[in-house]
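Here's what TrEMBL has on this protein:
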REGION    1-24  region 'Disordered'
TRANSMEM  32-52  transmembrane segment
TRANSMEM  72-90  transmembrane segment
TRANSMEM  97-114  transmembrane segment
TRANSMEM  120-139  transmembrane segment
TRANSMEM  160-181  transmembrane segment
TRANSMEM  193-212  transmembrane segment
TRANSMEM  247-265  transmembrane segment
TRANSMEM  285-302  transmembrane segment
TRANSMEM  314-333  transmembrane segment
TRANSMEM  359-380  transmembrane segment
TRANSMEM  423-444  transmembrane segment
REGION    451-472  region 'Disordered'
Amino acid sequence: MAVSTELPEAGSPQGTEATAPPPPGLRYNSPLVQVSLIGLVCFCCPGMFNALSGLGGGGQFDHTTADNANTALYACFAVFGVLGGAAHNLLGPRLTLLLGSLTYPLYAASFLYYNHHKSQTFPITAGALLGAGAGLLWAAQGAIMTSYPPPNRRGSYISLFWCLFNLGGVLGGLLPFSFNYSRTDAGSVNDATYGAFIGFMLLGAALTFLVLPPAKIVRDDGTRATRVTYSSVSTEGWEILKLFTNWKMLLILPAAWASNFFYTYQFNNVNGLLFTLRTKGLNNVFYWGAQMIGSAGIGYFLDFGFASRRKRGLMGVAAVALLGTAIWAGGLANQLRYLDGEFPDKIDFKEGRRYAGPFLLYFSYGLMDAIFQSLIYWIIGALANDSQILSRYVGFYKGVQSAGAAVAWQVDTHKTSLLSQLIVNWGLCTVSYPLLAVLVLLAVKDEDYSVSNVDDGGKEKETKMAAPSSFH
């Protein structure tokens, strides 16, 4: 029978059923361990996928196949991202994560196939299947990451997840760097690189069997993370439709669209265009490493920066806006060097001063991505404390995010001016900052232990939770 979470009855505090506090120490059924486990799954699956994508063109000299595969991927992701929350509420996290994770090794295998048979059919089909799988995986991940942690430590748990997840990108960047180190004139990565990606992705799928049902998750103060009952297809369908008129989701929409839109430009037209093959892999080590630094920094600030949670959110938006604007300005200065999209004299990491500037820019792009997305996840997590609601919110975010990415990959396929791509990316981010600030101002409560839920009439009600223990 399908397991999910259900909204509490009016007046009953959700997620606060208290038991005797568990003994101190690391527990398998604690939010910390379960969020860490999800981080390891994403280390192996999306983390390795990010490393593969970060090479530009999926590791191929010609970007056309990867652009078309990613268009199919993100078009399906846009649909299944929105539906993923419903799937999680019907199937439970373990099965949802398993079904999603199995599509990642298939995608990597399609590029191994393409190394020997130059047909786009397999990569594009695998991309579409991965889009469906990724929608399931990220909806389950988002529900766990935003509903299991104590409300006043969400930022720390988000940064913990983001560090584990992006460690996959760091290690994944070392794979093509080491396997292709002496192939200085090669345009595409070798078979061993794709084989290593496939192995890690299969390991990630196996780890999903260790994920516990939500009913078994107990916080350090004895409260349960969520109440588990059963959902229905009709309920989920109606709740998904209501997301498109939810004012909170509409305020998040521009940020969601922007948050993967810039990947195409950064991967294909910065890392993929400026650097030698082995240097692309090395750059990805630092790109995803920068994400770990950025998520840890913004997570700590959002949990401990100020006593007022609303003030922390507003200051977080301001910090992300200032840093993001500075980084895009640096990107503009770099882009003016190759307006025609041609850069025949590739930069190698051994070239010292010539390498330093473009490397610092690409590193900064990774930093910006982490703080931007971590901030959005933190805001979403502050909107409710019920994993059913949050799985739908995260599904909506991932769906819109993926729709933007699908458009971005086709924009690149049609050889749109690189300067135009940069300006659109910068503009989308800039538009999103004030809207996120408005959302924080209107929807984020100052009390860290307040829980915002929605009753059967669609109106918000608020209940109080016992103050949870600290993040360990």
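One is the number of the first residue shown, and numbering goes on along the chain from there.
In case you wondered, yes, glycine gets a Cβ from its N, Cα and C as well.
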Tertiary contacts of the transmembrane segment (32-52) (same chain, 6+ residues out, Cβ under 8 Å):
26, 58-59, 97, 100-101, 104, 107-108, 111, 130, 134, 137-138, 141, 144-145, 148-149, 157, 160-161, 163-169, 171-173, 175-176, 197, 200-201, 203-205, 207-208, 210-212, 217, 281, 284, 288, 471-472
Below 8 Å between Cβ atoms, which of the listed ranges 97-114, 247-265, 285-302, 314-333 makes the most pairs with the transmembrane segment (160-181)?
285-302
CB contact flag for the transmembrane segment (120-139) and the transmembrane segment (193-212), at least three pairs under 8 A:
no
Going through 72-90, 97-114, 314-333 one by one, which has the most CB pairs that fall under 8 Å from the transmembrane segment (193-212)?
97-114
Recorded stretch, among 72-90, 97-114, 247-265, 285-302, 314-333, maximising Cβ pairs under 8 Å relative to the transmembrane segment (423-444):
247-265
Test the contact criterion for the transmembrane segment (285-302) and the transmembrane segment (314-333): 3 or more CB pairs under 8 Å, pairs 6 or more apart in sequence, then answer yes or no.
yes
